[in-house]
Number of protein chains: 2
Amino acid sequence: MPLLGLLPRRAWAALLSQLLRPPCASCTGAVRCQSQVAEAVLTSQLKAHQEKPNFIIKIPKGTRDLSPQHMVVREKILDLVISCFKRHGAKGMDTPAFELKETLTEKYGEDSGLMYDLKDQGGELLSLRYDLTVPFARYLAMNKVKKMKRYHVGKVWRRESPSIVQGRYREFCQCDFDIAGQFDPMIPDAECLKIICEILSGLQLGDFFIKVNDRRIVDGMFAACGVPESKFRAICSSIDKLDKMAWKDVRHEMVAKKGLAPEVADRIGDYVQCHGGVSLVEQMFQDPRLSQNKQALEGLEDLKLLFEYLTLFGIAEKISFDLSLARGLDYYTGVIYEAVLLQTPTQAGEEPLNVGSVAAGGRYDGLVGMFDPKGHKVPCVGLSIGVERIFYIVEQRMKTKGEKVRTTETQVFVATPQKNFLQERLKLITELWDAGIKAEMLYKNNPKLLTQLHYCESTGIPLVVIIGEQELKEGIIKIRSVASREEVAIKRENLVAEIQKRLSES
Amino acid sequence: MPLLGLLPRRAWAALLSQLLRPPCASCTGAVRCQSQVAEAVLTSQLKAHQEKPNFIIKIPKGTRDLSPQHMVVREKILDLVISCFKRHGAKGMDTPAFELKETLTEKYGEDSGLMYDLKDQGGELLSLRYDLTVPFARYLAMNKVKKMKRYHVGKVWRRESPSIVQGRYREFCQCDFDIAGQFDPMIPDAECLKIICEILSGLQLGDFFIKVNDRRIVDGMFAACGVPESKFRAICSSIDKLDKMAWKDVRHEMVAKKGLAPEVADRIGDYVQCHGGVSLVEQMFQDPRLSQNKQALEGLEDLKLLFEYLTLFGIAEKISFDLSLARGLDYYTGVIYEAVLLQTPTQAGEEPLNVGSVAAGGRYDGLVGMFDPKGHKVPCVGLSIGVERIFYIVEQRMKTKGEKVRTTETQVFVATPQKNFLQERLKLITELWDAGIKAEMLYKNNPKLLTQLHYCESTGIPLVVIIGEQELKEGIIKIRSVASREEVAIKRENLVAEIQKRLSES
């Protein structure tokens, strides 16, 4: 009972007295009403918090606020990602942050325990969405959509041990692109890989490659090596850890924890070390064990076709057929892939980055059918860009280079060198705003000119318009360039036109 | 015990047997461990769901998916709102979807019960954010920020009775702009009203006006009428309902439910019928009761100054001083406001819209101090745009007018009239994508030309590039305008340049 253990004595007493009051009318007597218990616990915990003399204000574990600096970097990256999705004809979409719990259960394999559940407040049982793929499949089934190319950018939540160093949080943004529908083989799959290449090249993150495999090859390999079918998904999740753990440790997990025969594990070990281009696909067609397995052969046929299309897309040299790629999630049924950034040689002062996978996805032909009352399937293939890691990399690089970002877009500042010019400044700034010009002024009746100019310098505002007694009398306005400190006087009525001209030139 | 009442007999039995097993080691014996109870209830409920023969796939009550059609409308509206916020120098920001429960408690007055709590999964007690204002105040206090102008667009969650007809959901988007910091009076407050005017004018939703009042005037009026101080906030929430309920019903609530003396209620009744421009402010200075109240006088002084600035901003005629405006939330301390759309005369076929408030806000000088260990205050004023209602209005209008939106931005379609041209189409579309052109093709080996052209017409793609045997032999490509059906042949190597020229002209 870890929670109650934290309560101070007074709160404990309050909790006990609430629990010992007579059961409510609808209770059976044998069982105390759950909502009463929960309410009592909550009240006591809150009391405990409020009683703390040094109340510390903080945010939930594993989450963070995004400051204006963060937001500027994100906006740039998301713009690039979304414009790539739109270039490929995708429509936007959104789903609620939470789903019925039953919609999400039994979709994520070993990771299901990491879901955030909502408290039962007398309605439905709800959980925060864990990814954007299951809600998409639920949407297709619910609306009987048979064909759709959509993108979805949104937050998802997982109760993982947060690793802030690696930019991993419990709340994070996902950017997904998926193609649903019955089409000729491998054309949409190849497009997904093309999109990953376009995005990673566009972001200029350095060199990268994409590991590709097929769930049918993974399963075929398991069968050929002698893994019992009941252990397929469990062994799959062990294999999935090969990018973070050594083979020896993965082997240990499979044998000691998952009860796999050591010789079976060793046979798998031979395969998972294989990776290469299309020639490896050809080689595997000749493999004595794999070539006996119908599923594996289907997977290999598809990969061969995939490589053909990837060559036409001009990205075949970025792709590596990798038998160690397994992908942890239960719902994949065909091609799977994962993009990995290559470590750039550490530049002077740049911290080494261990970034791992920055994009991933695959084919999931069975998921929509799980939501359809009659089991009607809609084949799907998609990808997810690991934008959080990308944000982290870009932010680290900017830090190393000492790059600063402007967090506002203000173009013009309205200043005065004299007292009692608030009214004139308000009139002036109204003209600018109404003309669509981004403008600011200080919220003071009588600010000093130096303070006003300093504000422009520190926030990167390029232009200042200055009004004072002299200007008012002569019907003019001064425009000052913050960078060059040059000032010119123009007629007041030409202000907006002159500013617009200058902004369009810069 | 409404939840358990829903369980089928078998699930009931399972629940009972779990509850009757011996208490866990850390239980006291007198009290059963809360997590055991909760777990048992959950398991039983899930079982119950899974046992249902006709499993119905649905989304949580009061939520909805946003289809591509919705998203296009939202994107347009949000772009306009955000660009206005940026025009006024605001920085972007984001906070987690959930906060520690204690961060949110005692901030929302009577509405607190509408918060979504997360299930206690052995960590912190968390709730989904209820608005964007309290997280902003928490952010300022936590980071010791004394001055900030920020906007925040994000989802918030409230367990209200959903009214889908009026576009009210349990999950909805808020767009907030706030100015934090100690400044000369009423300058930031006036800018908030200016922003509301710019946004509502920009969206062309028809005529509107903004009701303005001040919490100090509301409280001063209560004191002057004889409301006991302990009832201020409760009576405030009753008054807040005046835009939806008749005075007679609000009066009944105050007297019968909140125990206010009838003669006190009647005195309030005299005031809340008053609304007008700056002349009403002047008039209230002369009011025998209000003019005796220090707080009310301060509020009136500020409103007078506010109207002066609003006149300079050119928006005074949009503002109405309205003594019935109270605003339900606890945290307001000064100026409060609410923008109301005026009902446009019902056009032929247009359904009458009852939209109520589409933007609101006010000054909250005490909220940040509630989070600071030493109680240091940071005065704030802000506004929230009711974008969900605005989305709803715009969608209704489009429906009435039969307007259709394109949900994709594809510019070019790659087609072929012949079989076995998949490879050529893939090469062609790669050229387009790599040049940044938005392009699509059908994912079929051998689609019919008519199907391809029909796809362009139904999705609004303006240009088609056509490749066939003849074109391949001659090194040309045909470009077809979908609207005019005209086709021209161009050299293959000029394709990208020609397309870009046509797109820039259109």
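Cβ coordinates come from backbone N, Cα and C, glycine included.
L-histidine is bound by A:Asp131, A:Leu132, A:Thr133, A:Gln174, A:Asp178, A:Arg327, A:Tyr331, A:Tyr332 in TrEMBL, and the record lists one more residue there from A:Arg87, A:Arg158, A:Arg289, which is A:Arg158. Look at A:Gln174 (L-histidine binding site): DSSP puts it in a strand. Neighbour counts were taken as the number of other C-beta atoms within 10 angstroms of each residue's C-beta; across the binding-site residues A:Thr133, A:Gln174, the minimum falls on A:Gln174. Secondary structure from DSSP puts A:Thr133 (L-histidine binding site) in a helix.
Whole-number maximum of the Cα to Cα distances across the L-histidine-binding residues A:Asp131, A:Leu132, A:Thr133, A:Arg158, A:Gln174, A:Asp178, A:Arg327, A:Tyr331, A:Tyr332: 21 angstrom. The average pLDDT computed over the domain 'Aminoacyl-transfer RNA synthetases class-II family profile' (A:62-417) stands at 92. Sequence-distant contacts of A:Asp131 (L-histidine binding site), defined as residues of its own chain at least six apart whose C-beta falls under 8 angstroms from its C-beta, comprise A:Tyr108, A:Val156, A:Gln174, A:Asp176, A:Ser384.
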